[in-house]
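K.L.:
Below, the features straight out of TrEMBL:
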DOMAIN    12-86  domain 'Cation-transporting P-type ATPase N-terminal'
TRANSMEM  69-89  transmembrane segment
TRANSMEM  101-120  transmembrane segment
TRANSMEM  268-287  transmembrane segment
TRANSMEM  299-320  transmembrane segment
TRANSMEM  737-758  transmembrane segment
TRANSMEM  770-790  transmembrane segment
TRANSMEM  811-833  transmembrane segment
TRANSMEM  853-873  transmembrane segment
TRANSMEM  885-904  transmembrane segment
TRANSMEM  916-935  transmembrane segment
Amino acid sequence: MSANSLPENIAAWHTLEVDEALELLSTQADTGLAPQEVNSRLQKYGANELEEAGGRSAWEILVDQFKDIMLLMLIAVAIISGVLDLVAWRSGTLPAGEIPFKDTIAIMAIVILNGILGYIQESRAEKALAALKQLASPNVRVIRDGNTLEVTAKELVPGDIMLIEAGVQLAADGRLIEESNLQIRESALTGEAEAVNKHAKKPLSEESSLGDRVNMVFQGTEVLQGRGKVLVTGTGMKTELGKIAEMLQSVEAEDTPLQQRMSQLGNVLVTGSLVLVVISIGIGLLMGGNFIDLVEVSLSMAVAVVPEGLPAVITVTLALGTQRMVRRNALIRKLPAVETLGSVTTICSDKTGTLTQNKMVVQSTFVGKEYFSVSGEGYAPSGEFLLDERTIIPEEYPEIPPLMVACTVCNDAILQQEKGEWKILGDPTEGALVTLAAKAGFEKDQWDTKLPRASEFPFSSERKRMSVICQVEEVETGFSPIRDVDPQISNLLADESHLMFTKGSPEIILSLCDQVFLGGNSVPLTEEQRKQILAANNKMAGEGLRVLGFAFRALAKVPSEASEKEVEQQLVWLGLTGMLDAPRPEVRAAVQESRDAGIRPVMITGDHQLTARAIATDLGIANGGDRVLTGQELQRMSDQELEQNVDLVNIYARVAPEHKLRIVKALQNRNKFVAMTGDGVNDAPALKQADIGIAMGITGTDVSKEASDMVLLDDNFATIVSATKEGRVVYTNIRRFIKYILGSNIGEVLTIAAAPLLGLPDVPLTPLQILWMNLVTDGLPALALALEPAEPDVMKRPPFSPRESIFSRGLGFYMIRIGIIFAIITIILMMWAHSHVQSVGVNGLSPERWKTMVFTALCIAQMGHAIAIRSNSRLTVEMNPFSNPYVLAAVTVTTILQLMLVYVPPLRGFFGTHALSLSELGICLGFSALMFVWIEGEKLFLRIIGKKSV
Ligand code: ATP
């Protein structure tokens, strides 16, 4: 059957036998589809994608823009100003040459522009988040053309044979072909939190509800345990999840703590300005002022107090922050993480793959009573076994072959050669074992056929072991080629028909053994031998090796699914393997950097305490003598006891995922701000609980990625540290331009309020001029300040609390102080300029130009402010002006624009400015420069008295 005649709308795949379903989709369980067929089905059914649903509609995003309280106040100002103009126009009192409704139009234009900008940014942000989600979207293991390969979820088509295992989030709907211990959580679909046991076997009745279709698996659900082979029956919008698209989780565009603080700030500013308006109108009236004039002053004040440019600058800064982080391999999934990352005090990191390279090579084995070392590098299956530095032939030692068989069959990894390089598909720990066995001449392919797997008890981080049950005898004929012909197996079998091989944490495996395989036979395990084995384990672990123990048991039949407790005992010990997983070279420096930055790295691993200590000491996470807390000890501790210990312990070993949750909570109760890494399904609760949950991009399960705030694309600890640094830079820059913008706003408001109180005839600044300042002459340099590179000491100081107020550490005081200085400088200039234009009549120049001098001085003073505020402690002369060329460019462009407003006639007409003489312009520049001088003076003063500025 070709793609065109596929059954389109079979809703009842669960009623079919596996063979019927395979036939209907013209595919085969062992070989899957051929590439041409995949292509034609891809064309017919489209990519396996869900159409985005559930997010806000474009219209809703647009309407949301106008709900901001500051924009609402601006709209009110526009209306009042329009009414005033209308009255003046009707009564003929509008000054000659004045364009009516200019301020109203300008303010409304700004409101609309702000709305549109916000709209564009937010819809971009939603799209970007969706794209990021895509980036983190999973690969799927499929069988095509007889080969096992990984494809992206998008490329799945109906008829594909998909392999699933614990940790996977399903990418399509499908009929189970076979399964082992498969448990799936279907809450995404059915709302039912309980895991469902799945069974491939029998067809079900047509009426079975979704939750009862145990022979089917569904897109979006999560594999908690076991494995399975699935025939893909539905992709894209044709899946059960696709059908109920409205239930889809939309991409979450959460407000960052900063955005929340900003809306609080908006409330404070709006209330504050209303209070100011009432006060100044009141005082003005008492002083005999004209009501309409006073209303105009109030309107200007209201416009001046709103930092119109701020929201845009903040959004751009956060967006640039996420981009910089992605370039450093840290993918932000939840926006708040961008700025809160800088506050991390403790990084709890997994060992394998994050601190180490996760490229395993078995270096030694302890079998029988001997240590054998193994040569060779990487996954290439070439190397030798050595005893006391002499090469040996493994088969000559009767204990080695069964261990090698265990390494090959109790194993799910696939060793492949790609372009001459040996690679591994699956878990690197297992890959190293396939390589080891191949070095001894035991090929996995051959042994998988000789000892086909009949059942298994899968690995989990809680159990720290796995077992496979292999069939040895052909049940029907009673003849076994292996039993009768293969001496390597016949000694293991006794009279049974099945062999179970178990591997895992050596202490656990050994505790399940009562015999040991020695000299070709199983003999009782003595206490002496037990001690020897544990000593060998400690010796290898102490060298930083990851040690696994192996055992076997002969069984009469395939055990039932939930019987591991009874079956995984009375095992026969086979031996130990010790593999090297070298630390990542860049981690040592990253650990040091985080320590300097007041961040404590903590290792949390499932591995042995001695292995953990050796690697932690090597990396500088702990000192040789530091205490290691094991999962067992942790288990015995109460939450309070754990809290008393968390500040002291830097290494947790042999922990299970549920311990991670307790560790995070204990740290948080000690007021720590915790970043926690994780990769497994069961790490998800700890990742959610952590302040920053970090999932692994390469080895992480889909479930852990879903639960995380950030995904490490390279699984590397050093990436966490560099993301933390970026977080600090973003937060410092945000605080920097808030200081910059709000300081000037306060200066403007005070200057405007002072004018009528000091008896000046008019408001110095019109709403239009104020908008110009807040948006353009403040906005451009603020954007440039957002690009300020890291200060040299950014990772040399302790982290700041994420809960600190925006005004903390002197920022509020700075704004008020600088606002007042700003106002004092401008008010002095204003008074001087007003009397100057009265006394000096320059030909052709307007007597109104004192206002333009105030306007110009305010704008240019902000240029000096922008240059000086680049550093809190370093003087401008001590900084490289080109380390942030954007500030230089913004200052130059803004100054030119401001001069154009004063000297280009049409612009002058529109903005209500007046030309200044050269000496007047010089005086404006002189006054403006005072701002720069003041801030530099402050830095110098603080340096002299030995205090740090904010
Ligand atoms: P980390 O938490 O730092 O990544 P880890 O990889 O050692 O450390 P787990 O994957 O939970 O943590 O493994 C815990 C223990 O289980 C290992 O130390 C090892 O003894 C055992 N183990 C790991 N992988 C397997 C496997 N594939 N089969 C059997 N046992 C395993």
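A Cβ is built for glycine as well, from the same backbone N, Cα and C atoms used for every other residue.
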K.L.:
Mark yes when the transmembrane segment (737-758) and the transmembrane segment (811-833) have three or more Cβ pairs under 8 Å (sequence separation 6 or more) and no when they do not.
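P.N.:
Judged by the Cβ rule, the two regions touch, with the required three close pairs present.
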K.L.:
Counting Cβ pairs under 8 Å to the transmembrane segment (916-935), which of 69-89, 299-320, 853-873, 885-904 comes out on top?
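P.N.:
If we count Cβ pairs closer than 8 Å to the transmembrane segment (916-935), 853-873 scores highest.
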K.L.:
Ranking 101-120, 737-758, 853-873, 885-904 by Cβ pairs under 8 Å to the transmembrane segment (770-790), which is first?
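P.N.:
Most Cβ pairs under 8 Å with the transmembrane segment (770-790) come from 885-904.
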K.L.:
Tell me if the transmembrane segment (69-89) touches the transmembrane segment (299-320). I count contact as 3 or more CB pairs below 8 A, with pairs 6 or more residues apart.
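P.N.:
Contact criterion met.
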K.L.:
Six or more residues out from either end of the transmembrane segment (101-120), which same-chain residues have a Cβ under 8 Å from its Cβ atoms?
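P.N.:
Non-local partners: 58, 61-62, 65-66, 71, 74-75, 77-79, 81-82, 85-86, 299, 303, 308, 311-312, 315, 766-768, 771, 775, 910, 912.
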K.L.:
Considering every residue in the domain 'Cation-transporting P-type ATPase N-terminal' (12-86), what is the mean pLDDT value?
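P.N.:
Within the domain 'Cation-transporting P-type ATPase N-terminal' (12-86), the model's average pLDDT equals 84.
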K.L.:
Could you give the residue numbers and ranges of same-chain residues that sit at least 6 residues beyond the transmembrane segment (853-873) on either side and whose C-beta is under 8 angstroms from one of its C-beta atoms?
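P.N.:
For the transmembrane segment (853-873), the sequence-distant neighbours (Cβ-Cβ under 8 Å, at least 6 residues beyond its ends) are 736, 739-740, 743-744, 747-748, 751, 764-765, 769, 773, 777-778, 781-782, 784-785, 788, 791, 818, 822, 825-826, 829-830, 833, 879, 884, 887, 890-891, 894-895, 898, 902, 913, 916, 920-921, 923-925, 927-933, 935-936, 939, 942-943, 948-950.
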K.L.:
Let's see if you can do this one: DSSP helix, strand and coil counts over the domain 'Cation-transporting P-type ATPase N-terminal' (12-86), in that order.
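P.N.:
Per-class counts: 47 helix, 1 strand, 27 coil.
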